[in-house]
């Protein structure tokens, strides 16, 4: 049987070094109420699609799982961010907690309302379904309405905006403009902050790029190779291909009327004529004994190579042809409106750095810190007492075990001594019996037989 071909150029296995700096996430649900909510379960699945490909897409939570179980596994799995969805048992409000592992901080948002991906597709005229190729690369992050300028340096909440921006900027790997290909960016995650209500709107879009310089019929022919399921234009009533191209009634040369917004049409410079590797190679010649030019002070060989490179570059570098592209954003969901509640240290357990609704004075903060310190001291004291009690119980148990082993050893020794005494007594009795029968002749049977024979 022939061996299956493995693609090495387009399907290169990622190395551990390249995966080291990439942030990874884990989207989970915590709480009995959230696990029983089917709509929240679907929201978690849709949010995992946003965080692809560097997220645990097939993670399954159990009712017995606690937050500590997931935090412990973040280290071995190299998870850098936790997205925790919870639902209150009393009010039914849904909350989203974004935590940075392992030191924190944790930002808690109140999910005011949300829409699932399937609900958004119902109201779209041309809905878009994401396939596996669209989820191979992380989405492009767009932040709108966030300001990093501190208007008042004395304001204690001046760094709140910076913490939120830093948290969202680090959930995806950074983009390198020199190495990133534009066609690899197919999704956009947009966060828009309302300056009045301070609400953050989260949207997820798919980027659709189309040519507008060619007609609709030509575009169908151009994309027929990659979209085999779509039909080509009907040529029954056409004499040749030119009538299809030049027919302005069926399809104009530009399809800008299909684009709703004129600002969505942009000019992109595309170059053609590159070699296989996408670079221009120049051959350099070297001489054994280069001559030096007296005017420039450079070797003549270097001057020849520089002139060759300039001439080859001008001849080989293609002209950049501007082409019109129509960019359309199609929402794929989910959609959420978030409201900041608080920021705390650690992972859901630490000092409150900022609270949107509860404000404390400096005196109240100091009093709370003293209470917290006293609570921690009491906790440490109880822990030491518990450790002492455990060690004491362990010592009593070990002593009891030693006494039990000692009794077993003594019983074993006693049994061995009794066995030796029995053996000695049996040997003594056998010796006395042998002494009593010493006077009995050995041939007593033969004597009796001889007397009987004589009588006969």
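Glycine is no exception: its Cβ is also placed from the backbone N, Cα and C atoms.
Some features that TrEMBL has for this protein:
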{"type": "COMPBIAS", "residues": "1-11", "note": "compositional bias 'Basic residues'"}
{"type": "REGION", "residues": "1-23", "note": "region 'Disordered'"}
{"type": "DOMAIN", "residues": "26-349", "note": "domain 'Brix'"}
{"type": "COMPBIAS", "residues": "374-387", "note": "compositional bias 'Basic and acidic residues'"}
{"type": "REGION", "residues": "374-456", "note": "region 'Disordered'"}
{"type": "COMPBIAS", "residues": "396-405", "note": "compositional bias 'Basic and acidic residues'"}
{"type": "COMPBIAS", "residues": "412-423", "note": "compositional bias 'Basic and acidic residues'"}
{"type": "COMPBIAS", "residues": "430-456", "note": "compositional bias 'Acidic residues'"}
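The DSSP breakdown of the compositional bias 'Basic and acidic residues' (412-423), given as helix, strand and coil counts, is 12 helix, 0 strand, 0 coil. Model confidence over the domain 'Brix' (26-349) is summarised by a mean pLDDT of 76. Helix, strand and coil counts from DSSP across the compositional bias 'Basic and acidic residues' (374-387) read 14 helix, 0 strand, 0 coil.
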